[in-house]
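Here is what TrEMBL says about this protein:
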BINDING   HIS122, HIS124, GLU128, HIS167  Ni(2+) binding site
BINDING   HIS122, HIS124, GLU128, HIS167  Fe(2+) binding site
TRANSMEM  6-24  transmembrane segment
Amino acid sequence: MLSITFPPLILNFELLCLSVWYGLQCWFCSLIRMVRAWYMDEDTSNPQLEHHLDPAEYVPIEDVFELSGVEYFKLNLETYKTDGVLDGIRKERKYSYEDEITCSETCIPNYADKLKIFFEEHLHTDEEIRLVLDGAGYFDVRDKGDRWIRIEVGPGDMLILPSGIFHRFTPDKRMYVKAKRYFIGEPVWVAHNRIGSPAEGMDCRKEYLKKAQEGF
Ligand SMILES: CSCCC(=O)/C(O)=C/O
Ligand SMILES: [Fe+2]
C-alpha cells in the first residue's frame, strides 16, 4: 500500500539504508583490517592483481623486517596527528620533510606512464617512507634471497624501506592511493633501476647487502 502511494519515498529510504550499511561496513573493515604480505609470483602482467604463489605463501608482517629490513608501523588515522606515535618516529629518525602524494588518474598527468615507472624494480640512496591515508596498493620488496614479498598497504599502514633495497609499487585494482611521504633533509626522489643502471654496484646497495648478511 505504502509502496504504491509513495514509491519514490520508499526507494529513497532503501537507498539511505543501503548507503548507511555500506558506510558502516567500510568503517568496520578499516578498524579490523590487518596488513598482509606474501611471496608473489614472477608474472609482471596485470600488477594490480594479487599474484599469489600456488599454493599461497603468506609472510607474517613481524617476519618482514628480518627478511628484508623493511619496517612496518600501524597508525590510527583518527588520532595520528596528536597521539605522539608518528611524532615519536619522526623525531627519533629525524624526518624533517613531509608531503602528500595522491596516485590517481586525475592527480597525476600521464598516470599510466607514472605507474610503469613506480613498477620498475629500483632502489634509492635514502629510505622510502610512506604512510597510507586512503586507497590501497602493493609494495613489492626483494627479500635477502632475492624473492619478491608483496606487502598490501591500506589506510594507517606505514612502511619504511631501507636505502639500497630493490622494490617497486603499484596501486591495487581500484587504482587509487593517497600517502604521506617523509624524508631526512631535502628529498631525493631519484630511482635507480635494477636493469640498465649501475644500481647493483652503488654504495647504498653494498651497505644494504652487508646489513642483510649480518642481520637487520
Ligand atoms: C604510495 S606512494 C607512491 C609510490 C612511490 O612514491 C614510490 O617511490 C615507489 O617506489
Ligand atoms: Fe621507490
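Keep in mind that glycine also has a Cβ here, set from the backbone N, Cα and C atoms.
A map of TrEMBL features onto the structure.
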residue: HIS122; record: Ni(2+) binding site; DSSP (3 states): strand
residue: GLU128; record: Ni(2+) binding site; DSSP (3 states): strand
residue: HIS167; record: Ni(2+) binding site; DSSP (3 states): strand
Neighbour-count leader, CB within 10 A, binding-site residues: HIS122, HIS124, HIS167: HIS167
Spatial neighbours, same chain, of GLU128 (Ni(2+) binding site) - Cβ under 8 Å, 6+ residues apart: LEU159, ILE160, LEU161, HIS167
Non-site residues, in chain order, whose CB comes within 8 A of the mean position of the CB atoms of HIS122, HIS124, GLU128, HIS167 at Ni(2+): LEU123, LEU161, ILE165, PHE166, ARG168, ALA191
